[in-house]
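Taken from TrEMBL as is:
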type     : residues                                                       : note
DOMAIN   : 4-72                                                           : domain 'RlmM ferredoxin-like'
DOMAIN   : 85-167                                                         : domain 'Ribosomal RNA large subunit methyltransferase M THUMP-like'
DOMAIN   : 189-297                                                        : domain 'Ribosomal RNA methyltransferase FtsJ'
BINDING  : Ser191, Cys224, Pro225, Gly226, Gly227, Asp243, Asp263, Asp281 : S-adenosyl-L-methionine binding site
ACT_SITE : Lys310                                                         : active site, proton acceptor
Amino acid sequence: MFNKLALYCRAGFEKEVAGEITDKAAQQGIFGFANLKENSGYVIFECYQAGEADRLAQALKFEQLIFVRQMLVVGDLLQNLSENDRISPILAQYAELNPRQSSDVFVETPDTNEAKELLTFCRKFTVPLRSALKKQGWLGKSENMQGSVSLHILFTRPGACYVGYAYNHNKSPFFMGIPRLKFPAEAPSRSTLKLEEAILTFIPQAEEKKRFNDTMVGVDLGACPGGWTYQLVKRGVFVYAVDHGKMAASLHETGRIEHCPEDGFKFQPPKRKQIDWLVCDMVEQPIRISKLIAKWLTNGWCRETIFNLKLPMKKRYQEVQLCLNFLEEELTKHGFWFKMQAKHLYHDREEITVHIAVMGQK
């Protein structure tokens with residue numbers, strides 16, 4: 001019964017999710033087919049063999065999925081649910097699973113304008129559903145317990161939902177897979193939320209003060225007006241802001257930036273300065289940005305970087321693979337040990353955000 005994956009994404013990126021999950025599953029020796037509807041905000045991947053969706057939900061590292069916001073194991077779509085009793089069919093499907101290792105329940109929708117009209121209902125429905133699940137002896141476990149799961153109900157339209165679960169150690173911790181960030185009034189542009197979400201996604205909270213502090217120096221290529229620089233300065237980092245355009249006066253007033261009115265592709269860091277962080281959100285061909293980042297890392301100009309790759313209108317998944325493979329090959333060729341992650345963040349649009357940390361060199 002529970003032999004499908006439900007994968008949340010930004011509406012319009014269903015094909016990328018389908019391509020990604022098909023590739024990743026095949027690497028695990030698991031095969032199936034993706035059901036998708038354009039602009040629906042989710043993809044259903046149905047496995048051919050019993051038990052394989054659960055295996056995938058544990059074997060695929062969620063942090064290594066690029067276009068997927070949340071990953072659930074689900075059963076068949078429940079349809080034509082009665083307004084008088086939606087809970088009984090949901091309990092009946094969960095009874096086949098008997099999820100005694102469950103910690104919480106989330107009633108969600110895809111991230112589309114049509115589906116989000118159901119969110120008020122979802123919030124109200126969560127209360128009686130949680131109570132009914134607890135009566136069955138479910139939802140009693142700690143989310144930190146090994147093998148524990150969260151229960152998720154995905155309403156795709158009124159009266160129709162997928163019933164499923166996600167492993168707590170291998171999922172997004174956020175409702176609908178979306179972090180709720182507030183735009184800081186003093187930030188120079190809304191692009192600041194992209195870097196804030198990237199830091200939240202890629203850097204463990206316990207390590208943030210070690211990785212960003214007032215002993216560190218950063219470079220922001222294509223910095224104007226300073227949305228990304230703001231996030232570094234806020235964390236104490238001194239920033240070389242590289243852009244021919246003007247930087248926000250509020251950033252100059254911090255005393256934590258030096259404006260370098262230069263071309264981001266030609267700029268080189270001061271020779272006596274160890275650059276800890278390179279960030280870049282320039283609008284340019286993704287492979288050109290990838291080559292620029294590779295140059296900085298292989299020359300030893302920086303140790304860690306977060307950057308955006310703007311995606312073409314077609315073959316976006318293939319372009320991402322091309323760029324990430326190029327970066328991996330360049331760093332490996334130069335003998336670096338590194339960690340690389342990429343994510344299509346909530347605050348990204350036609351782009352992905354990549355994080356690379358160099359750990360050492362052979």
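Residue numbering: from 1, along the chain as shown.
Cβ atoms here come from the backbone N, Cα and C positions, even for glycine.
Feature annotations (TrEMBL) mapped to structure.
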{"residue": "Ser191", "record": "S-adenosyl-L-methionine binding site", "DSSP class": "coil"}
{"residue": "Cys224", "record": "S-adenosyl-L-methionine binding site", "DSSP class": "coil"}
{"residue": "Asp243", "record": "S-adenosyl-L-methionine binding site", "DSSP class": "coil"}
{"residue": "Asp263", "record": "S-adenosyl-L-methionine binding site", "DSSP class": "coil"}
{"residue": "Asp281", "record": "S-adenosyl-L-methionine binding site", "DSSP class": "coil"}
{"residue": "Lys310", "record": "active site, proton acceptor", "DSSP class": "strand"}
Practice task
Do me a favour and check the Cα-Cα span between Cys224 (S-adenosyl-L-methionine binding site) and Lys310 (active site, proton acceptor); whole Å is fine.
Solution key: 17
Practice task
Only counting partners 6 or more residues apart, tell me which same-chain residues put their Cβ under 8 Å from the Cβ of Gly227 (S-adenosyl-L-methionine binding site).
Solution key: Ala187, Pro188, Ser189, Arg190, Ser191, Thr192, Lys194, Leu195, Asp281
Fill in the blank from the handout: Across the binding-site residues (Pro225, Gly226), the Cβ with the fewest other Cβ atoms inside 10 Å is that of Pro225
Problem - Diameter of the S-adenosyl-L-methionine binding set by C-alpha atoms, the set being Ser191, Cys224, Pro225, Gly226, Gly227, Asp243, Asp263, Asp281, in angstrom - result: 20
Exercise for the section: Tally every other Cβ atom lying within 10 Å of the Cβ atom of Asp263 (S-adenosyl-L-methionine binding site). Expected result: 12
Handout entry: Rounded Cα separation (Å) that holds between Pro225 (S-adenosyl-L-methionine binding site) and Lys310 (active site, proton acceptor)
Key = 19
Practice task
May I ask for the distance between Asp263 (S-adenosyl-L-methionine binding site) and the residue listed as 'active site, proton acceptor', taken between their Cα atoms and rounded to an integer number of Å?
Solution key: 18
Exercise for the section: Write down the Cα-Cα distance for Asp243 (S-adenosyl-L-methionine binding site) and the residue listed as 'active site, proton acceptor', rounded and given in Å. Expected result: 18
Problem - Number of helical, extended and coil residues in the domain 'Ribosomal RNA large subunit methyltransferase M THUMP-like' (85-167), per DSSP - result: 32 helix, 25 strand, 26 coil
